[in-house]
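Taken straight from Swiss-Prot:
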type	residues	note
TRANSMEM	4-24	transmembrane segment
DOMAIN	15-139	domain 'EamA 1'
TRANSMEM	34-54	transmembrane segment
TRANSMEM	67-87	transmembrane segment
TRANSMEM	95-115	transmembrane segment
TRANSMEM	119-139	transmembrane segment
TRANSMEM	150-170	transmembrane segment
DOMAIN	161-287	domain 'EamA 2'
TRANSMEM	180-200	transmembrane segment
TRANSMEM	214-234	transmembrane segment
TRANSMEM	246-266	transmembrane segment
TRANSMEM	267-287	transmembrane segment
Amino acid sequence: MRKVSISILFMLVSLTWGTTWLAMRIAVETIPPVFATGMRFMFAAPFLIIIAWLRKKTLLFPPGQRLFQFVICIFYFCIPFSLMIYGETYVNSGLAAIIFANMPVAVLIASVLFLNEKAKLMQIAGLTIAITALTGILLEETNTSTESHWQGITALISAVLIHAIIYTQCKKRSCTVSVITFNALPCLLAGLILSATGWFFERPQVSTFSVHSILATLYLGAFAGVFGILCYFALQQKANAFQASLVFLIFPLIAVSLEDYIYGYAISTHSMLLIIPLVIGIFLTLVARNLPVTSRCRDNSSQK
């Protein structure tokens, strides 16, 4: 029964992570990126706060870490999630998912730089293979696709790096709050900040918002932002760290397949072939590390 529940959770998380990239693309078709991200968090926050109330979880971090809670609001929610959806105005959702699948590699680099962790030989090999393969994919796609631009790629890579740095800071500060506490209040505050910022600077025309874009934003917030978090947290509790981390190898394939099926757009054959060494590199990084790629302070990465 435990294996069945792990398998179901793994599939749910993979599908959630894989579909969110397509949802972000649909959302920004008619809604400006910053305002769309604010809407996303505003949809998610009430559910998270209700769950916190039902489970009797505090909304505030422990004394001494409350300033860090605000840092998480800005540098975990506001900036990187805005960069993700902004990136998708220049990059197709499949390529965006492939870039974000390199989170384990970014976490390894950040851990070495900020936590003084020593990288194993296999980790270095995996990192080298993954970065080389990703570079090849990015060069191939920017040369062959009119939908892939360095402006979007830079935004997405920046989001990955910021999330990786926040992960290391959570670990360094021994941030052990529950997944609900970590997400609820920062999500609400981020929603308010981004909605206000988007309203004043992007000047969104609500009358032009399509039903598909609104539903996609609702999906990102209410489903991926709540259900996805809880499923990934449950997966981490039931499976070992390595098993849970394998989601990073699966969700990009789902994103690429969905975009091809719905939009008829597929990455080039060369890029598809380069996914093989990319997956191998990420796999080696995960195997060698044999530690959670995410922690309780990183569960919200399932909102991508």
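Backbone N, Cα and C define each Cβ position, glycine as well.
Averaged across the domain 'EamA 2' (161-287), pLDDT for the predicted model comes to 93. Sequence-distant neighbours of the transmembrane segment (246-266) (same chain, 6+ residues past either end, Cβ-Cβ under 8 Å): 10, 13-15, 17-19, 21-22, 25, 92-94, 96-98, 100-101, 103-104, 147, 232, 235, 272, 275, 279, 282-283, 286, 293. Below 8 angstroms of C-beta separation, residues 92, 94-95, 98, 101-102, 104-105, 108, 122-123, 125-134, 136-137, 140-141, 144-145, 242, 245-246, 248-249, 252-253, 256, 293 of the same chain, each at least six residues beyond the ends of the transmembrane segment (267-287), sit close to that stretch. Per DSSP, the secondary structure of the domain 'EamA 2' (161-287) breaks down as 107 helix, 0 strand, 20 coil.
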